[in-house]
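Just below is one structure, and these are the notes that go with it.
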Amino acid sequence: MSLFERQGGEQERYLQANNRKLNTMFGYPLIPQISSLAWYTTVIPLMVVLSITAVKDAIDDMERHQNDNQVNNRSVMVLMNGRIKEDKWMNIQVGDILKLRNNQPVTADILLLSSSEPYSLTYIETAELDGETNLKVKHALPVTSNLEDNLELLSAFDGKVTCESPNNKLDKFTGILTYKGKNYILDHEKLLLRGCIIRNTDWCFGLVIYTGPDTKLMQNCGKTTFKRTHLDHLLNILVVWIFLFLGGMCFILAIGHGIWENKKGYYFQNYLPWKEYVPSSAVSAIPIFWSYFIILNTMVPISLYVSVEIIRLGNSCYINWDRKMFYAPHNSPAHARTTTLNEELGQVKYVFSDKTGTLTQNIMVFNKCSINGIVYGRVYDKKGMKVEVPEETEKVDFSYNKLADPKFSFYDETLVEAVKKGDHWVHLFFLSLSLCHTVMSEEKVEGNLVYQAQSPDEGALVTAARNFGFVFHYRTSETIAVVEMGETKVYQLLAILDFSNVRKRMSVIVRTPENRVMLFCKGADTILCQLLHPSCISLRDVTMEHLDDFAIEGLRTLMVAYRELDNSFFQAWSKKHNEACLSLENREDKISNVYEEIEKDLMLLGATAIEDKLQDGVPETVATLNKAQIKMWILTGDKQETAMNIAYACNIFEEEMDGIFIVEGKNDEVVLQELRSARDKMKPESLLESDPINIYLTTKPQMLRIPEEVPNGNYGLIINGYSLAYALEGNLELELLRTACMCKGVIWCRMTPLQKAQVVELVKRYKKVVTLAIGDGANDVSMIKAAHIGVGIHGQEGTQAMLNSDYAFSQFRYLQRLLLVHGRWSYNRMCKFLSYFFYKNFAFTLVHFWYAFFNGFSAQTVYDTWFITFYNLVYTSLPVLGLSLFDQDVNETWSLHFPELYKPGQHNLYFNKKEFVKCLVHGIYSSFVLFFIPMGTIYNSVRIDGKDISDYQSFSLIVQTSLLFVVTMQIALETTYWTMINHIFTWGSLIFYFCILFFLYSDDLCLMFPSVFQYLGVARNTLILPQMWLSIVLSMVLCILPVIGYQFLKPLFWPVNVDKIMDRIHYWMNPPVLPPTQTKLKHASSHRHSAYAFSHVWGFGALITSGKTLNAKRPSAKVRRSQQKEAIDLLSNG
C-alpha cells in the first residue's frame, strides 16, 4: 500500500468541467443530419488534446509512484523464526518484532520491549513529529526489559496488547499488555512513534502496534485532496456562461431559420427541398439549432485546456531550472512537484510557516555575555568604534584548551584574557554554566567530547563554558565532573530544581570539593530579577541595560545567578523537599513552594546572549513579503518564548508595533474575553451591532466570507494550542479569525499537526484568499495538504514534507522568488493567455452569427473546413504559447525590488468575470468588423478582367486572412517582452498560414481529392486582389484602434498603484541605471526575550537524579555554521 498517495485529479477536472462539451463536440458532428462540418474538424483536435493530456498525466503518476517506492522500499530488520532478517517497510505487519539501530528512523508505531541502555531507556529525536530536535527518552516495562537482545526469548514473547483505536493524539496512548498471566499498563512513554529517529542507543527491540495509515504520524497528515486553482473554478463557471450564451445564440438563429423558411424557403422547395423528416418550417428549426450549436462551439475550444497544461508545464520547468533557487551545499534544486498551481503562486495572501528548520537552522551560537557588569563579545575597530563582525575577523585561539570544541567561534580576546588571568567572577560565571544544565556527555575517543542537550540553548551554553576552560566532562546520578582550566573536579549533585513553563528557570545544588554548598540558577530575566539579593541592585541595572542591547540585536537572553547555602539550612530544606516529593496531594504545588524557599536572595553573575541562527535571508524575505501585502503566520509546536524570539528576529513582530496580544485562556469564556479585548483595542467599532461586518454576518449566515478589516495600527497576536482548542469550537472560530486577520503577524505556539491544518482550513473557509503553507517536517504535512499551495523544505527533519508538497526547495529565502517572480509571471501570463484566447475565439466564431443573416440561417460556415480545423491547433497556437511562456512585464530584478507589483494577483484583477465580459464585447465588435468590412470591400466588385469576385470562396478566404492578421496584431500589442522565439512564433505563424494555404488550395491536391479540397485556384486569384488587402488593413485599423486607445487612456483616467510603479520602472530603465537605494532592516524589539527554549515537557532533572542514565551514551551532534548575506537592495522608496 502506498504511504504517500496523492490523487491525480487532472482527468477528473476534464471530466467534470468538460464532459458535456466533449460529448457534444465528439458525438454531434458525426450525425450528418445536423452537422455541416466534416468529422475531421473535431476528431483531429480532440485526439491531439487527449494524447498530450494522457502523456502528461502518465508522467505525473510515474513521479508519484517513484516517491512512494522510495519510502515503501526502505529496509528494516525483522525478527522471523528466531533470526533477524532484512525486509521492506511496506511488508511490516502488526505484531512483528523489529530491531532498530542508532540513527535509524522508526518504521511504525512500536511498543518498546528492550534496548542496549540501562533500564531499557531509548533516546529519540522527534523533529518530524513536533519540530523539536531536543532529545527525549522512552523506556520499556521492566518485565520486557529482561528480554534484552536474546533472540530466543524475543521469539518466544507471546504477550497480548489491547489498545485504543488509531488516532492522531501524539502525546497520548492507552493500552494493556497481558504477559505471563499479568496485566501491565501502557502509556505513550512506552511507545516509539513512526517518524522518530533513534539516538544514543545502539539497538532496541519493539513490537509493532500500528502500521501505515494507522500510525499517529499518518493520522496527523490529513486527507489528500486534488488542488484546483481559483482560475480553474472561474473557468468552470465561465464555461457554463458560454454554454448559456451559445444556447441563446443558437435559439435566436433557429427562430430566424424558422421565420425565413416560413416566408421564403417554403416557396423555393423545388430548388431547396426540405428533408423527408421535416414536415414544417417550425420543425426544420430544431436540427438547425443543433447545427449552429456545433458550428459555434469553438467559442470554448478543447485546445484551451491542453494549452493551459502546456503553459503550466513550461512555467514549472522554469522553477526547476532556476539556478538562483539551487542550494549548492545540498546539491538541491527547486522542484515543482505539480504543474497545476503555478498561477496560484501569484495570488497568495496568507503564508503559514513552520519555525524550526524552516525559518531557522536550529543552531544556537553563544554570541555575547555580560559578566559582573562587563560586556564580552563585541568587536571594535582601530578607532574604538563598535562594529559588526566581518568575515575576515580572526577568531579567538582556544589552542590552550585541549578539550575545546574546534567548531566554536568567538571574536573577543578580552574574555579569554580574563579567564587566563583568573578573574573570579568570570570563572564563577562559566562554572555555573558548566554545572547548571541537564546535558549528557559522551567520550568515544579520548579528548573528543560529544554533548547531547535537551535543547539547543543548553548545548550552546555548555559548549561555551567548555571552550573557555570549564569543561563538563561526565555525570552520574550523584556527581558532575568538570575540568576546570585543566584540573578535573568532581561536584556532588545534591538536587536539580527542574525547569517548567511557569518557573521559567532551573537550578542545581552541588557540594564543591571544598565542601561548600552552592546553588546555581539560570532563567528568564523577568523572573530572576525578582529573586536577587538587594545588594545586586546596581549590578542588576547595568546588566539590564546590556540585556536591552542584546535584545535589539535579536539575541536570546538568560540571566545567571548563584547562592551559597548554609549546610544546616540546606539539610532542613532537603527534608522539606523529600516530603513534598512523596506527597500524594497537590504534589506539584508543594514542590514549587519548596523551590521558592531556596531560590531567593540570589547573587547576580551576569547574562548570556545566544543567537538563534536563522536561515540566510529570512528577515529580508519576510520584509519583502510584507511589502507585497502577504501576511505571514508562524505555526509551531515550540514554546511561546522561542517563537516570539524568532518572530522578532524575522521582522514578523517589530518594535514599532502598537501592541501584542497573548491568548492563553484555559476555557472558552476566558478565550472569548481575550479575543474581544484585542479587537476592542484594534478596532472598537467591530464589537458594535451596527458594524457593517457584524450586520453582514447576521444577515448572510449561509454565505460567510469575512471581508478585510483594517485596524487602527500594527498589532501582533500570540495564541497557544491549548487555547486554540477552545477557539476553534462553536462561535469562537469567527472571533479568532477576525482578531487574527487584523494583526500584522500571528504566532501559534504549542500546536499539534492537526491544529495547524485546522487553522489553515479556517482561513480557507471564511476568507476568499489563496493560502500557502511551508514546512520541513512530518508535523507540517497536514497543513501543507490543507493549504491551497504546499511548499516543502529539504531540511534536517526528513523528507515527508517534501514528498507531500506541491513545490520543494532548500531555503526559506527562495519563497520570495517563487512567489514574486515565478508566481507573478505565471499569473500574468495565464491571465493574458485566457483573455486573448477567449477574444480570438469569440472573434473567430461569432462571424458565423452575422453570416447567418445572409445565408438564410442555413448553418453554412463562413470558413473553409480546413481553416476551422487548423485555426486553434496550428495557426494561432504558437503565438499565444510564446506569449504565455516568455512574456515578462518587468524582469526578475524589478519584480523583487517592487513587491507591490504582486498585489493585483491577490485581488485577481487581471482575469475575472468583468475581464471576461470585456473579452466578449471586444470579440463581438471584432467579429462584426471582420464580417462587414470584407463584405463591403467586395460588394458589387469585379476584377480587372471584369469577372465578379463576390463569390463565397473568395469571401471566405478574405475573412479568414483578415481574422489572422487582426488576432496576430492583437497578440503583438499584448506582448511586452519580445524574444527571438516570440518573433518566430508570431510572425512565423502568418507565414506558415500562407504556406499551408497554397498547399491546401493547390491544383494537384484539389484535383486529386476534389471532395475534401474544394478551393481550387482560390488562393492565387484572391491574394492578388487590392480589395483583399484593403479589407485586411481596414479590419486591423478598426479592431486595433479601440485597444490602443483604451491602453492609453486607462492609466490616465483610471490609474492604479501598479501603473505608477511601472512608470517609475520605465523612467529608470532609460537610461537603464538602477538607483541603488537600500532599505535598512529594522532591528528586533528592545524588549528582552527569554531563551529558555526547553522541551514541551519537564526536563531531564528527575531522570538524571534517578540514576537511570548512568553510563548512557550520547551521539555526536552535527553543527553547521552559516553566515547572513547582505540585505537585497529594495527600491520601494524609489
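Every residue, even glycine, has its Cβ placed from backbone N, Cα and C.
Now, the feature entries from TrEMBL:
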- Asp354: active site, 4-aspartylphosphate intermediate (ACT_SITE)
- Asp354, Thr356, Asp776, Asp780: Mg(2+) binding site (BINDING)
- Asp354, Lys355, Thr356, Glu458, Phe499, Lys522, Arg556, Thr636, Gly637, Asp638, Arg750, Lys756, Asn779, Asp780: ATP binding site (BINDING)
- 804-1055: domain 'P-type ATPase C-terminal' (DOMAIN)
- 37-55: transmembrane segment (TRANSMEM)
- 234-260: transmembrane segment (TRANSMEM)
- 280-306: transmembrane segment (TRANSMEM)
- 833-854: transmembrane segment (TRANSMEM)
- 866-886: transmembrane segment (TRANSMEM)
- 919-940: transmembrane segment (TRANSMEM)
- 952-972: transmembrane segment (TRANSMEM)
- 984-1002: transmembrane segment (TRANSMEM)
- 1022-1044: transmembrane segment (TRANSMEM)
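Locations of recorded TrEMBL features on the structure.
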{"residue": "Asp354", "record": "active site, 4-aspartylphosphate intermediate", "CB count, 10 Å": "30"}
{"residue": "Thr356", "record": "Mg(2+) binding site", "CB count, 10 Å": "31"}
{"residue": "Phe499", "record": "ATP binding site", "CB count, 10 Å": "25"}
{"residue": "Arg556", "record": "ATP binding site", "CB count, 10 Å": "28"}
{"residue": "Gly637", "record": "ATP binding site", "CB count, 10 Å": "27"}
{"residue": "Arg750", "record": "ATP binding site", "CB count, 10 Å": "21"}
{"residue": "Asp776", "record": "Mg(2+) binding site", "CB count, 10 Å": "33"}
{"residue": "Asn779", "record": "ATP binding site", "CB count, 10 Å": "33"}
{"residue": "Asp780", "record": "Mg(2+) binding site", "CB count, 10 Å": "38"}
Subset of recorded positions (Asp354, Thr356, Asp776) lying within 10 A of Gly637 (ATP binding site), CA to CA, in sequence order: Asp354, Thr356
Neighbouring binding-site residues, C-alpha within 10 angstroms of Asp354 (active site, 4-aspartylphosphate intermediate) - of Arg750, Asn779, Asp780: Asn779, Asp780
Chain residues outside the transmembrane segment (984-1002) and at least six past its termini with a C-beta under 8 angstroms from it: 864, 866, 870, 874-876, 878-879, 881-882, 957, 961, 964-965, 968, 971-972, 975, 1013, 1015-1020
Paired segments the transmembrane segment (919-940) and the transmembrane segment (833-854) in contact, 3+ CB pairs under 8 A: yes
For the transmembrane segment (833-854), sequence-distant contacts whose Cβ falls under 8 Å of one of its Cβ atoms, 6 or more beyond its ends: 231, 235, 238, 249, 253, 256, 292, 295-296, 298-301, 304, 307-308, 311, 860-862, 871-872, 876, 880, 883-884, 910-911, 915-916, 918-920, 922-924, 926-928, 930-932, 935, 959, 963, 966-967, 970-971, 974, 1039
Distance from Asp780 (Mg(2+) binding site) back to Arg556 (ATP binding site), taken between C-alpha atoms, in Å: 25
Model confidence over the domain 'P-type ATPase C-terminal' (804-1055), averaged pLDDT: 88
Phe499 (ATP binding site) versus Thr356 (Mg(2+) binding site) - Cα distance in angstrom: 21
Distance [Cα-Cα, Å, rounded] between Phe499 (ATP binding site) and Asp780 (Mg(2+) binding site): 27
Alpha-carbon distance [Arg750 (ATP binding site); Asp776 (Mg(2+) binding site)] in Å: 17
Asp780 (Mg(2+) binding site) versus Arg750 (ATP binding site) - Cα distance in angstrom: 13
